[in-house]
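Below is one structure, written out as structure tokens; the observations come after it.
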Amino acid sequence: MPGDEERGFLAAREELASALRWDSAQVFPLEQLMPLLATSLPPAARYLQLDAGRLVRCNAHGEPRNYLNTLSTALNILEKYGRNLLSPQRPRYWRSVKFNNPVFRSTVDAVQGGRDVLRLYGYTEERPDGLSFPEGQEEPDEYQVAVVTLEVLLLRTELSLLLQNTHPRQNALDQLLRESVEDGMLQLSEFHPLLREIVPGPRPSAQGSTPGPCFLCGSAPGTLHCPACNQVSCPACDILFHGHPSRAHHLRQALPGSHQTASLSSSLPASSQPRPPSSSLALGDSSLSSPDPANACLPWHCLTCATLNEPWAVFCAVCSQPKGCKVPGIEGSHGTGGLEPEPARDQWACQSCTFENEAAAVLCAICERPRLAQPPSLVVDSHDAGVCQQSLKQEDPLLTAAQPQVWYCDHCTFCNSGPVWVCAMCNRTRDPIPTQPALQSYPSSLEKGRPKPGSSQHLGSSLPASCGDPEKQRQDKMRKEGLQLVSMIQEGETAGASPEEVFSALQYSGTEVPLQWLRSELSYVLEMVAELAGQQDPELGAFSCQEARKAWLDRHGNLDEAVEECVRARRRKVHELQSLGFGPKEGSLQALFQHGGDVARALTELQRQRLEPFHQRLWDRDPEPTPCWDGLDRQSLVRRLLAVYTLPSWGRAELALALLQETPRNYELLDVVEAVRHSQDRAFLRRLLAQECAVCGWALPRNRMQALISCECTICPECFRQHFTIALKEKHITDMVCPACGRPDLTDDAQLLSYFSTLDIQLRESLDPDAYALFHKKLTEAVLMRDPKFLWCAQCSFGFIYEREQLEATCPQCHQTFCVRCKRQWEEQHRGRSCEDFQNWKRTNDPEYQAQGLAMYLQENGIDCPKCKFSYALARGGCMHFHCTQCRHQFCSGCYNAFYAKNKCPDPNCKVKKSLHGHHPRDCLFYLRDWTAARLQKLLQDNNVMFNTEPPAGTRAVPGGGCRVMEQKEVHSGFRDEACGKETPPGYAGLCQAHYKEYLVSLINAHSLDPATLYEVEELETATIRYLHLAPQPADGEDLPAYQARLLQKLREEVPLGQSIARRRK
């Protein structure tokens, strides 16, 4: 039965796993993880899925801090893989993990057992380029992923505490390293894949046995063993092979019996790599084909030129042909010059290392050079050839035991050090001619075994001729690679990437698509650089991605050098800030992290923090008291004004002080300063500082007053706010004019736009938000009413835009249908008929219409506003001056001509311009209402127009008698619609006298009859003076009828009754 401690551990573990499943981005504080880390349970009981002890032991090579850092970094990446699988929005390619991912290669794949952690996540299907989920599995097992992710998180936290020496159990590392095999085997069934990978491979030969040859060159003895690659190599080939970024973190160990005495890290110093001793050389042609490893370290004869070469040489020292290669046409001492058999069709031989690769391989499996790569150039520098010839002649015995430690590459002129044969810059093999001093030890054998190859002069002259084509190929290849690099840089600049970023991406990853790599992988690399830099020197704090990016670009993508550069740069910046008085305790590390390593911005932030108390005291203090302007030290007051308020000159400061010292002191300091900046005229300044409000008479400085663009009136802020607030809430939009002079005239469309555009800015700063919103609403309605497509509903007085051409319109508010022209309620009988025909049909066939009599006729011929087209079902009796409630337009209800206010009439000859008036045509009800009914009837009879003198048939009488025309009457409770009720004389068709005259005048206007035909001479003279502004006089000898006929003709010709009347344009 499990104990209490184990049960508590399992319960806490399940709780954290459930929280991780619920929120994959959950960050567990150290206090929450500490109970799981401080338990006394062994690792096998704490890590049920992950074999943590074996994972640590199999990667424990070298210093504990180094391999714990490497393992912690790999676990951090593995934890991110698990969190991505638990996230609701997983990455696009979550189903597979690619081995060529640079972050994966340099972190997870650099430790033993990393891939099997991925298999625990569910990546169980092997692919040639990586791992993936099985095809039939649609979703990952969330419980399994959560448990494994939690154990990875716990192990990473435990390693971090060990690195910081803060682990609650001091023997935690010993527990992980010394766990017995029996405890590890308890979990063999659960974690069998991990055991298979992390069990170390077989070591090379035991102590005392002869090491095998290098797996790369096959000549030099292997002295180093790489457990990750399970290969043995010589020091020179080890530097070349493990210089690749994917193998840079492999740990190598010296083989027993070799000259290496300690395990080697990923970077081996050149001075510590021994050369094979010259005493091991032995002559004999049989050694070339001996399969015995002991004989593999013997010198070999070139099959082309028969030159004896050292055992570790890959190319011939004279003809530069690979080992075992025959060239037709050149016969050696051991061959006939025949062609060497070609490789099989399913294989190809590498031109650099002669390894035979599979036909489908693009890169060599040994040296990773491309299939079409040319062999190293055979051009020999003249200086090196001369040194070689001189060495051959002198036969210095010291050269047999000494190897030059510094040599220059013939291709890139890079200075290499140590006994390496491959250039560290361009990966070209060094020229073997000057590195063959061992040949001087066997002159007799060389002379007896083969013919002499010729003198040194012959060698120097024959090489350029035989190597011309390879040199041209090398130059062509360099040109092609350069053009490819330029093309990639241009493509990167087009996409926004700098040339340094493209080049660094190529150097780091070797990818052919650097832009795609920069978008997908650069962020992970920068995070790794920042994390490694922080682990290298924790005292420097956290590193930002901007610092990591700069260091990575400066070091052209070299990860290790970028980490070193990042640390060096941070140390330099911290020292610079510390010299300025801001050390780590003052927050310099945090400031550098926040501002991406920018010293200037970090210094600004630190200075701001240091000045924050001063600013706080400055603003928290009470307002500074106003100085006494009557002080004895006048010069001090002037200097204070000049300095604090930045006045333009000393004279302006004295003028401001003089105004402040005047009595009575009605001026404010800021008002005086503002006024003095604009002028130095004292009289003008006094007027500027004491502007009188045109409404209330309050005196204020000019800069506090409000003014409209339509007039020169100055209004104080309080009057301005109250006037426009009342106008908005209780009046029309056209009443928002100057409260003092009443300008501008908002009936003019040209003034309307410019006035309201400026007034909008002033009202925004003066009115309350509710009043300002009401202003915008009313202004919008006023603009819509000016649209020619705007239409008022005849039933509910709702306005809307009607863009159709049909006469039948439906109101969107009350959904009633009416005629667009005559405003009558739409009936099916109106379809296909004009409005006049429909009205005649209703008079004849509609009983309700007939029952109303002539009152319905007057109601249908109500008042329509000529500006906004709003209809009023009112009779025209009473005052003819009508004020529209919708648009505030003033007009005559009889002729629809406008009424003009004082001094607003556009007629220059108008004699009543200084009063409210209107200009009416002679057939307007304004004049004809003074005629008697009999005279109006005579005008209709003279023109054969029928009219009613009795109520139409079927008309119902009003209870109590009286006129039936509906009127709006004012009562105590408001307005009420009711019948006129006045007395109806006989012969007036059931109407009162006023409404009967209105009925007759409407017939006269409908038939365009001219009442001037019934004018007397006095009426003709009055009409001539009114419309023609002339005082007519009878001609000499002209009788009265002729004079009357002449005035009538003149009036009808010069003042006709046509379409100029607004009523007829309705």
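Every residue, even glycine, has its Cβ placed from backbone N, Cα and C.
So that you can see what the record holds, here are the features copied from Swiss-Prot:
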type    : residues               : note
BINDING : C693, C696, C716, C719 : Zn(2+) 1 binding site
BINDING : C793, C796, C811, C814 : Zn(2+) 3 binding site
BINDING : C819, C822, H830, C835 : Zn(2+) 4 binding site
REGION  : 1-479                  : region 'Polyubiquitin-binding'
REGION  : 251-287                : region 'Disordered'
REGION  : 434-478                : region 'Disordered'
REGION  : 557-610                : region 'Interaction with RBCK1'
REGION  : 689-923                : region 'TRIAD supradomain'
REGION  : 904-1066               : region 'LDD domain'
Open item on the list: Other than C819, C822, H830, C835 themselves, what residues in this chain have Cβ atoms within 8 Å of the centroid of the Zn(2+) 4 site's Cβ atoms?
Closed with: L807, V820, R821, K823, R824, W826, R833, S834, F838, Q839
- [ ] Kindly report the helix/strand/coil residue split of the region 'Interaction with RBCK1' (557-610) according to DSSP, in that order.
- [x] 43 helix, 0 strand, 11 coil
Task: Other C-beta atoms that fall within 10 angstroms of the C-beta of C835 (Zn(2+) 4 binding site) - done: 15
- [ ] According to DSSP, folded down to helix, strand and coil, what is C819 (Zn(2+) 4 binding site)?
- [x] strand
Task: Neighbouring C-beta atoms (10 Å sphere around the C-beta of C716 (Zn(2+) 1 binding site)) - done: 21
Open item on the list: Applying a 10 Å Cβ distance cut-off over all chains shown, what neighbour count does C693 (Zn(2+) 1 binding site) have?
Closed with: 20
Open item on the list: Take the mean position of the Cβ atoms of C693, C696, C716, C719, the recorded Zn(2+) 1 site. Which other residues of that chain put their Cβ within 8 Å of it?
Closed with: A694, V695, G697, W698, I715, P717, E718, F720
Task: For C696 (Zn(2+) 1 binding site): intrachain residues, at least 6 apart, with Cβ closer than 8 Å - done: C716, E718, C719
Open item on the list: Restricting to the chain of H830 (Zn(2+) 4 binding site) and a gap of 6 or more, list residues whose Cβ falls under 8 Å of its Cβ, or answer none.
Closed with: L807, E808, C819, R824, F838
- [ ] Could you check which of the binding-site residues (C693, C796, C814) sits closest to C822 (Zn(2+) 4 binding site), going Cα to Cα?
- [x] C796
- [ ] Starting from the Zn(2+) 3 site formed by C793, C796, C811, C814, give every other residue of that chain whose CB sits within 8 Å of the mean position of their CB atoms, in sequence order.
- [x] A794, Q795, S797, F798, P812, Q813, H815, Q816
TODO: Using DSSP with the three-state reduction, classify H830 (Zn(2+) 4 binding site) as helix, strand or coil.
DONE: helix
Task: Overall pLDDT of the region 'LDD domain' (904-1066), taken as the mean - done: 81
Open item on the list: Return only the integer: C-alpha distance in Å from C693 (Zn(2+) 1 binding site) to C835 (Zn(2+) 4 binding site).
Closed with: 57
Task: Residue from C793, C796, C811, C814 whose C-alpha is spatially nearest that of C835 (Zn(2+) 4 binding site), among the binding-site residues - done: C793
Task: Set of same-chain residues at least 6 away whose C-beta sits under 8 angstroms from C796 (Zn(2+) 3 binding site) - done: C811, Q813, C814, Q816
- [ ] Drop a 10 Å sphere on every Cβ of the binding-site residues C719, C793, C811, C814, C822 and tell me which sphere holds the fewest other Cβ atoms.
- [x] C814
Open item on the list: When DSSP is mapped onto helix/strand/coil, what comes out for C719 (Zn(2+) 1 binding site)?
Closed with: helix
